[in-house]
């Protein structure tokens, strides 16, 4: 039986009364965001809105983005990526569990020096996926060109974020490329492996 979203007590500043709020709302008050599912438009819109709000409240404080995601939509992920680059706040990215595909891309997109993973995390990079259902050949050709354009753009960005050469990124992302937390650090996708919150 699913447990649903847990609720936790929260006292508004200056108030004597506590009220129960969902845990994600409570974490958001502490500038902690969580990407714990497949990346889609709804998740992206929610994270973008939260980052913009937190940045407008106080851009001198970091935003913490915890990632445990198998990846998902490239366009939705790029909306999150662009927002990470856009906000003035530092964005600390923390991998807990799995950061695969777009999840790994977003992990690497955090503020340099602030990209971390817990010791048993797994990170996976690969090329973008695309489908060709029963469609006209010209439509398939258009989609293939767009996928190849996205692949090059993502690989160039991964090269910039990791310090690896474009050719190495292109070779490594040709198929699923799994890394441990330490391997991801050596590769340049993250900056540190941590085991305590104070290390982030």
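Our numbering is plain: 1 for the first residue shown, then up by one each step along the chain.
The backbone N, Cα and C atoms fix where each Cβ goes, glycine too.
Features as listed in Swiss-Prot:
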{"type": "ACT_SITE", "residues": "101", "note": "active site, nucleophile"}
{"type": "ACT_SITE", "residues": "126", "note": "active site"}
When you measure from the Cβ of residue 101 (active site, nucleophile), how many other Cβ atoms are you left with inside 10 Å?
26
Whole-number Å distance separating the Cα atoms of the residue listed as 'active site, nucleophile' and the residue listed as 'active site' is 6
